[in-house]
Structure formats: structure tokens, C-alpha cells
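**Q** Pasting the relevant annotations from TrEMBL:
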- A:22-179: domain 'FAD/NAD(P)-binding' (DOMAIN)
- A:A31, A:E52, A:L60, A:I96, A:W399, A:G406, A:V407, A:I408: FAD binding site (BINDING)
- A:N168, A:G169, A:N170, A:V171, A:R212, A:R213, A:E224, A:G406: NADP(+) binding site (BINDING)
Amino acid sequence: MIKFGSNYASKIQHLYSNKPFSFAIIGSGPAGLYTAKHLFNDIENINIHVFEQDLCPTGLIRYGMAPDHQRIKRVAEELLTIKQNEHCHYFGGVSIGKDITINELDQLYSAVFYAYGAQIDKPLNIQGEQLQNVYSARQIVNWYNSHPDYCDLDIDFKNKNNIAIIGNGNVALDIARIFGLDQDELQKTDINEISIDKLKNNQINNIVIIGRRGLVQSQFSLKELREMTKLSQFRFLLYKPDLLWSLNEESQTECKDLGVNYGNVTRGNRRKLEFMKSFEIIEDEATMNSILKQGSNGRINVILRFLLTPLKIELKENKLNLKLQHNQLAGKPFNQVAMPLDQQSILECDMIIKSVGYQSHNIDNDIPWNSEQNIVDNSDGCIKKDPTKLKTGSYACGWIKTGPKGVIDSTFASSQETIVNFKNHMDADLIRNVHDPYEQVVNLLRQRSINYIDFKVWDRINEFEIEQGQKAKKPRIKLMRNRDLLQFL
Amino acid sequence: MQQLPQLLILMIRLFSKYSASSSKMVTFYFKNKDNSLTKVTTPIGQNLLQIAHKNEVDLEGACEQSLACSTCHVILPKQLYDKLPQPVPEEEDLLDLAYGLTETSRLGCQVKVDEKFENVIIQLPKATRNFYVDGHKPKPH
Ligand SMILES: Cc1cc2nc3c(=O)[nH]c(=O)nc-3n(C[C@H](O)[C@H](O)[C@H](O)COP(=O)(O)OP(=O)(O)OC[C@H]3O[C@@H](n4cnc5c(N)ncnc54)[C@H](O)[C@@H]3O)c2cc1C
Ligand code: FES
């Protein structure tokens with residue numbers, strides 16, 4: 001189906017109808033697949049090869065988005081309709097930078113689209129991060145989503161009553177929610193049996209979610225908050241002193257209707273603040289301490305804390321002691337920072353999860369890198385050779401372009417911008433013609449003894465997983481080991 | 001026995017009402033991301049995302065209308081926006097996250113068309129700044 005840009009497609013077809021173009025896309029997450037889909041829609045006579053380091057496609061749709069959010073995961077099917085195109089090839093299990101270099105791709109293709117997302121943890125850099133029962137959100141999320149590298153994560157929930165999550169975005173809420181699902185709810189997800197066995201009947205009483213700045217600056221979206229409050233097992237709590245410090249004049253300004261220039265920011269802040277006013281409030285430290293000590297008779301307290309920076313983690317008498325620096329807000333509205341106060345406290349807990357964000361990294365020294373923002377150095381999706389020149393023929397889409405923030409909608413929008421700019425380069429005759437290098441790539445991978453799966457193999461895996469799932473009344477049962485996946489070759 | 005004809009009449013009335021409303025058509029436009037217009041004529045009662053897809057208008061619907069993404073975001077003319085029922089809070093929550101939000105933004109999968117849509121223009125949000133590099137301007141074709 002030719003959609004947006006259909007006028008454009010006819011133009012490009014007219015100009016170049018007999019000359020093929022061949023594109024490589026690095027990464028098969030939402031950004032990579034969206035880009036492939038739209039390039040096929042907009043330009044005639046092209047070949048696209050998608051390289052993915054995991055065997056299975058779709059990136060964070062499969063290994064990030066929460067397993068109880070199956071509805072949003074359905075986007076995978078729509079994006080993967082590209083596989084019906086005979087000029088589209090998938091190489092799952094091929095890591096660019098390691099198995100094939102960027103220089104090799106540059107030589108093989110008309111253009112290369114970097115869509116390889118964010119694969120590492122933003123470091124917290126505090127003492128005690130390596131202790132047992134301290135995890136990163138990425139580890140946990142990959143674990144409950146059955147990623148081959150994480151499904152054997154050493155984790156157990158025995159006697160884990162109090163859990164601290166550092167960082168207050170949607171990923172923190174995803175984790176808190178999954179930890180709190182009851183057995184029936186867990187069975188409806190595609191979490192594997194081994195993980196369900198660990199999660200069910202856990203003894204979690206309190207989950208304390210900690211943010212460095214105030215309530216208004218928290219990164220939770222109201223969508224996630226509202227959804228979670230509808231589940232009866234969670235009881236949301238705020239701490240009064242946090243609120244007093246959080247709702248300074250500047251923060252209130254950040255919730256005011258300041259017109260279109262502030263886009264959705266103030267609107268989102270305002271609606272979130274209004275909603276959170278309905279949460280129960282813990283009046284003082286004594287009440288807080290007694291809540292943290294009590295059992296919770298079946299419900300889980302989700303305590304949202306603000307203006308706290310983690311300083312270090314120590315192990316004392318079998319408990320993790322999380323030392324926290326208290327902060328106040330300073331600076332102008334929309335630019336407020338956390339300023340340390342002369343006050344510290346200790347939160348005693350049984351498990352700590354660092355959820356301060358994903359981060360991108362450089363996969364090949366030949367990639368121009370913006371080390372300030374940790375993204376591929378680019379200008380609206382066009383990769384830069386140096387500060388003044390573009391590396392024409394190289395483009396970035398999704399999180400590797402923008403940094404790891406936003407949802408699927410913003411990822412699509414950022415990829416779309418890149419495609420428009422790329423098409424301008426095509427119009428300006430900056431992109432060279434290349435015949436389909438499929439045979440060369442296959443030979444290269446054979447020489448290097450790299451096993452990969454293509455879309456046909458993926459179809460068989462996908463069918464198998466869904467079929468197994470249907471027997472157990474689940475959306476799917478994921479194969480979680482590479483050797484099991486490779487059996488479908 | 002007396003009741004039967006009454007029931008019949010009621011059924012006929014219901015049927016004619018239903019068939020009348022489902023066959024009623026409305027014509028309006030989508031303004032695409034490249035500013036071109038797509039004219040659509042469609043029975044009332046369908047939602048904007050369904051109509052967009054049937055007419056090859058490039059509106060994503062990542063979560064298949066389950067109110068879990070915001071990729072079906074559209075911008076309505078103010079007059080029309082004001083006449084429609086308020087969005088539910090869950091739709092507003094997703095609009096908070098929509099790229100390029102305006103005051104008359106809605107989610108396409110949540111808006112059913114009716115007579116009020118006759119001749120209006122539904123705008124798709126623009127995600128792009130036009131950007132020509134190294135002094136290259138696209139060639140005129
Ligand atoms: C935990 C979590 C939950 C989320 N939940 C939601 C949600 O509910 N709704 C929503 O709208 N958004 C959600 N998001 C955001 C959404 O996932 C992102 O917007 C989107 O995935 C970004 O797309 P991407 O393609 O840039 O990156 P990714 O999805 O990360 O895809 C990048 C791909 O590149 C591959 N890759 C990396 N390095 C290489 C290499 N060297 N060679 C080859 N391939 C490589 C990776 O394996 C991966 O498959 C969530 C994000 C996270 C982290
Ligand atoms: S299609 Fe996802 S909200 Fe409309």
C-alpha cells in the first residue's frame with residue numbers, strides 16, 4: 001500500500017526507475033522496522049536488509065515493553081508486514097560492529113540507517129552497586145521478558161519485603177506492577193513459567209520509588225499511574241514533607257497553562273499533579289517507619305518519594321542500607337535542579353533496582369559519536385562526519401538518534417523526520433545506486449561462521465510460540481534460549 | 001395476538017432507522033503530512049482511524065485501537081472539536097504523550113464520524129521540519 005509520500009514515490013520512481021537502491025538498517029526495533037516500512041512505501045525499486053543482534057526481531061517491543069501490555073506489543077505485527085516484500089531480508093543474530101563493520105556496510109549499500117537503540121545502563125556510580133540483590137531495571141525487564149542473555153538472572157523473592165526502585169519513570173512503574181501481579185494476572189502474560197514461579201506468592205509489602213527531583217518533575221506518565229491504581233492490590237502513598245518541598249512556586253508554574261509553546265509539558269504536569277492529589281499521604285517519619293516495618297495484609301504499598309539522591313549501598317545484618325541525600329529544588333521553572341541539603345537518611349530494604357535510564361553506546365569506532373548526549377552524532381537524523389559536514393548516506397532513527405526517551409509515538413515521529421531528510425538527499429542525487437548485495441552478505445556471514453535467522457525462520461518461531469501459548473491460554477510462550485531458537489533453522 | 005403486529009411495526013421501524021443511519025454518508029478531507037488532501041466519503045459511525053486506513057491515509061494505529069498508544073493522533077478544526085463529546089480521561093492521558101499536541105487534538109481511533117464532519121479537514125500532525133543540507137535544494141521535477 002502506498003501511503004504518505006505517494007506523490008513522492010511516483011517522482012522517485014520516475015527519476016530512477018531502472019536503477020536499484022539498497023539500504024541497510026541496523027536494529028529491528030520500532031525505529032528500524034518503521035523506517036523499512038516507510039522506505040518501501042515511498043520509494044520504488046529498493047532492497048532493504050535489516051541487521052539485528054538478537055535472533056528475534058522487534059527490539060524493545062519483545063524485550064522491553066511490559067508483558068502485561070500485550071495490546072501495545074501488537075504493533076510488532078503491523079511493523080513486520082515488511083517481510084512480505086521479497087526485497088526485504090532479515091539477518092537476526094548479526095551484531096554490527098562485531099560481525100560486520102560499519103565500513104563494510106558503507107561499501108555494500110546505498111545508505112545505512114542506524115536504529116540500534118540503547119543497549120546499556122546509565123551508570124549510577126555509587127558504592128555498593130555490585131552487591132547481591134541490587135539490579136538494574138534493564139536486567140529485570142529483560143528477565144521477565146525472557147531475553148536469552150537474562151533469563152537465568154540470579155534473582156529470588158524470598159523474604160523480600162521492601163524493595164527500593166531508584167528512578168521514577170514508567171519503567172519503574174512497569175517493574176513495580178509486574179512484581180505485584182497476582183498469579184492469575186501473571187498467567188495471562190507471556191512471562192515464562194520459571195519467572196512466574198519466582199514472582200508468584202512473593203512477600204513484597206512495600207515498593208519505594210525514589211526520584212532525585214520533585215513530584216512535578218517525575219517522569220511517570222499519568223497513563224501508567226492511572227492504569228496501576230485500577231489494580232486493587234496496590235495502594236499509592238505520598239510523603240508529606242516531600243510534597244511541601246516539591247510544590248514550590250517554580251514547580252507550580254510548571255503546571256500552569258502557559259500556551260502552546262510549552263506543548264504537552266505543562267498539560268501533562270497539571271493533570272498528573274491533580275491525579276496524584278487523590279493518593280494517601282504519610283504524615284511524618286514515625287508513620288513512614290511503621291509502614292515500612294508492618295506486613296501489608298495482601299496489598300502492596302507503592303510509596304512515591306521525591307528529592308532524594310542515592311549515595312551508597314551497604315549490607316548490614318542481611319539488609320541493604322540505601323543511604324540517601326535529601327535535596328531541594330533550585331533554579332528557574334523547567335530548569336530546576338536538585339540541590340543537596342545538609343540532611344541524609346537511610347532506607348533499609350531487601351532489594352534495590354536502579355531504574356535511572358537506558359543508554360546508547362558506540363558499537364564501532366568509525367561511528368561519529370556525540371559523547372555528551374551518548375547518541376550517534378547527527379543533525380535531524382543525518383549523521384555528521386565532523387561538526388560541519390554530513391556523512392551523506394548515513395542516517396539515524398529512534399533512540400540512537402534522540403537518546404533513550406519517549407514512547408513509540410515519538411520514536412515513529414523521529415524516524416519519520418529522518419526519512420523526509422533522507423528523501424531530500426535522494427532528490428539531490430546524493431545517494432548512489434547499488435544492486436542487491438544479498439549474496440555478498442550471505443557469503444560474508446558464511447565465511448565468518450555466523451548463524452543467523454531470516455524472516456522465514458522467524459515466522460516458524462513466532463507460530464510455534466503462539467501455538468504453545470494458546471494451549472496454555474497465554475498470548476505466547478517465548479523460547480528463551482538461543483539454542484532452542486536456532487533449532488528452527 | 002394483538003401484540004404481534006405491534007412488534008412487527010416496531011421491528012420495521014427499528015430496521016429502517018438502523019439501515020437509514022448506516023447508509024448515511026459523509027464527505028470530508030484528511031490533510032496529509034506532506035500537505036496534500038485526501039478526500040473521503042464514508043458511512044457515518046466509523047472512527048477516523050478506520051476511515052484513514054481504508055483510504056490509504058498514513059495514520060498509524062500501533063495498538064489497534066485499544067487506547068494504548070497515541071500514534072493515531074489527529075488534529076480537528078476547533079468548531080468541530082467543540083461540538084464533539086469530551087474525550088475520556090484515558091484518551092487525555094495518551095494525548096499528554098502525543099507528539100505535536102494541539103488544543104484540538106484527538107485520537108483517531110476514539111472519534112466516530114457523523115454529519116458534523118461534512119466538508120471538514122482533519123489534519124495529521126507534522127513531525128518534521130524541512131531540512132536541506134549542505135546548501136542542496138531538491139531539484140524541481
Ligand atoms: C522497559 C521499557 C518499556 C517500554 N514500554 C513502552 C510502552 O508501553 N509503550 C510505548 O509506547 N513505549 C514503550 N517504551 C518505549 C519504546 O520501547 C521505545 O520508544 C522504542 O523501542 C525505541 O525504538 P528503537 O528502535 O529506537 O530502539 P529498540 O527498540 O531498543 O531497538 C533497537 C534494536 O537494535 C538492536 N541492536 C543493538 N545493537 C545492535 C548491533 N550492534 N547490531 C545489530 N543490532 C543491534 C537491538 O537488539 C534492538 O533490537 C518502553 C521502553 C522501555 C525501555
Ligand atoms: S490506535 Fe492506539 S490509541 Fe488509537
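Glycine is treated like the rest: Cβ placed from N, Cα and C.
Context for these features, please: burial, neighbours, distances.
**A** In the three-state DSSP reading, A:I96 (FAD binding site) counts as strand.
Taking a C-beta cut-off of under 8 Å and a sequence gap of six or more, A:N168 (NADP(+) binding site) has these contacts in its own chain: A:I209, A:I210, A:G211, A:S218, A:Q219, A:F220, A:L304, A:F306, A:S355. Secondary structure at A:N168 (NADP(+) binding site), as computed by DSSP, is coil.
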**Q** How many Å separate the Cα atoms of A:G406 (FAD binding site) and A:N170 (NADP(+) binding site)?
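**A** Taking the Cα atoms only, A:G406 (FAD binding site) lies 10 Å from A:N170 (NADP(+) binding site).
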**Q** When you look at A:N168, A:G169, A:N170, A:V171, A:R212, A:R213, A:E224, A:G406, which the record names as binding NADP(+), what is the longest CA to CA distance in angstrom?
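**A** Roughly 20 Å, rounded to the nearest whole number.
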**Q** What are the sequence-distant neighbours of A:A31 (FAD binding site), meaning same chain, six or more residues apart, C-beta distance under 8 angstroms?
**A** A:A115, A:G117, A:C397, A:G398, A:W399, A:I400, A:K401, A:T411, A:F412, A:S414, A:S415
**Q** What are the sequence-distant neighbours of A:V407 (FAD binding site), meaning same chain, six or more residues apart, C-beta distance under 8 angstroms?
**A** A:S221
**Q** To the nearest whole angstrom, state the Cα distance for the pair A:L60 (FAD binding site) and A:V171 (NADP(+) binding site).
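**A** Computed Cα spacing between A:L60 (FAD binding site) and A:V171 (NADP(+) binding site) is 12 Å.
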**Q** Between the Cα atoms of A:I408 (FAD binding site) and A:N170 (NADP(+) binding site), find the distance and write it as a whole number of Å.
**A** 13
**Q** Out of A:G169, A:N170, A:V171, A:R212, the binding-site residues in the record, which is closest to A:I96 (FAD binding site) when you go by Cα distance?
**A** A:V171
**Q** Among the binding-site residues listed here, A:G169, A:G406, which has the most company in the form of other Cβ atoms within 10 Å of its Cβ?
**A** A:G169
**Q** May I ask for the distance between A:G169 (NADP(+) binding site) and A:E52 (FAD binding site), taken between their Cα atoms and rounded to an integer number of Å?
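**A** The separation of the Cα atoms works out to 27 Å.
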